[in-house]
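One structure below.
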Amino acid sequence: SGSLLAIVLLCLTRSLTITSADQSMFERAQGEKVTLPCTFVLSENDEGPLDIEWVLIPADNQKKEQIIIMYAVDRIYNHYYAATTGRMQFTNPDPRSGDGSLDILNLKSSDTGTYQCKVKKAPGVQSQKIQLTVLVKPARTKCSVEGSQEIGNDIILKCASQEGSPLLSYDWRRAAGTRALPITSTLSILLLKNASQDYSGTYRCVATNRVGTDECSVELNVTPPINTAGMIAGAIIGTLLGLFLLAFLIVCCCKKHREKKYEKEVHHDIREDVPPPKSRSSTARSYIGSNRSSLGSMSPSNMDGYTKTPYSQVPSEDFERTTGQNANFAPSKVAAPNLSRMGAVPVMIPAQSKDGSIV
C-alpha cells in the first residue's frame with residue numbers, strides 16, 4: 001500500500017519521492033545485521049546527476065553531521081567514517097535502480113544513533129531519518145547467596161548480569177526442591193524470610209531484555225544453627241593444650257642444654273686440675289733412694305718415724321721388679337726388726353755383696 005501511495009503521489013507531483021518512509025525505528029542486538037531502508041522513485045523532471053548520502057546525526061545538535069557512505073557520479077564512497085569502515089555497504093550494488101538502502105554488519109552498541117538518507121537528483125531532493133538502537137544481550141549473569149544459611153534467618157538471593165542493555169528484567173524460578181518458591185520476584189533480589197529446611201533447593205534466575213536472555217542458578221542448603229558455644233570451647237581447649245605442649249618442650253630443651261653445659265664444664269676442670277702421670281720406673285727409683293738414705297741412718301732412736309708410716313701410703317707398684325732385677329739381689333742376712341707389732345710397715349733392706357758393698 002505504501003508503494004502504491006508513493007506512485008500515486010509521484011503521478012500527482014511528478015517529483016523525486018522516497019517510498020520507504022513508513023519505517024523509522026529499528027532495534028537490533030549487538031553482533032547482528034540491520035538493513036536501513038531507503039527506496040525512491042524518480043520523476044521525469046529529475047534530470048540532474050543522482051546523488052545518495054547516508055549521514056549519522058549526532059545526539060548533540062552542536063556537532064556536525066558525519067557522512068558514512070555516499071554514491072555520486074556512478075561511484076560509491078565508503079571511507080569517510082573510520083568507525084564503520086568495512087561494516088557498511090549499499091544493499092544494492094547499483095543504487096540507480098531506486099534502492100539506496102544501507103546494510104550495517106556486526107552491529108556495535110556505538111552504532112546507536114539517528115541515520116538520515118538523502119537522495120538528490122536535480123531539481124528533486126528528498127530525505128528520510130531512521131532511529132537505530134543497538135541493544136546488548138544479557139551475558140555473564142551470576143547468582144549469589146547473602147546471609148547465613150541457617151534455619152530462622154533471612155536469606156537474600158542476588159542475580160546480576162555483567163553485560164546487557166538497560167531495562168533488564170529478572171525472573172526467579174524454583175528449579176528443584178521440596179516445595180514451591182515461597183515468593184516470586186521480578187527484581188534482581190529475592191528475599192527469603194525466616195528460612196526453613198523446606199527452602200533448600202536449586203534456584204534459577206533468568207535475565208531478559210528486548211534482544212535476548214541469560215540465566216544462572218544457585219544452590220541453597222538451609223541447615224540447623226551451628227553450636228557456636230561448643231566450637232568456642234573446643235577452640236579454647238585446643239589453644240591451651242597447644243600452649244602447654246609448647247611450654248613443656250621449652251622446659252625440656254632448657255634442661256638438656258643445662259646438662260650439656262655442666263658436663264662440658266666438669267670435663268674442662270678435670271683436664272686442668274689433674275697433673276700428668278709420672279712414669280712407674282722413676283717413681284719406684286725415687287722411693288727406693290729415699291728408703292736407702294733412711295736405712296743408712298736407722299737407729300733405735302729414729303725407728304719411731306718408720307713405725308708411724310701407714311702402710312697405705314706406700315704404693316705397691318714401687319716394689320714391682322722384673323725377673324732380671326731380682327736375680328742381682330741376694331736374700332738379706334740381716335733380719336729386719338719385727339715392726340708389725342709396732343704397727344709399722346715392713347721395709348725391704350738391701351743385701352750386701354761379698355766384698356761388703358751394698359748393692
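We number each residue from 1, going along the chain as drawn.
From the backbone N, Cα and C atoms, a Cβ is placed for every residue, glycine too.
All annotation found in TrEMBL is predicted automatically rather than curated by experts.
In the predicted model, residues of the domain 'Ig-like' (30-133) average a pLDDT of 90. According to TrEMBL, the domain 'Ig-like' annotation covers 30-133 (among others).
Annotation comment: TrEMBL describes 138-223 (among others) as domain 'Ig-like'.
According to TrEMBL, the transmembrane segment annotation covers 231-254. Beyond the transmembrane segment (231-254), no same-chain residue lying 6 or more positions past its ends has a Cβ under 8 Å from any Cβ of the stretch.
Annotation comment: TrEMBL describes 268-323 as region 'Disordered'.
According to TrEMBL, the compositional bias 'Polar residues' annotation covers 279-315.
Sorting the domain 'Ig-like' (138-223) by DSSP state (H, G, I as helix; E, B as strand; all else coil) yields 3 helix, 50 strand, 33 coil.
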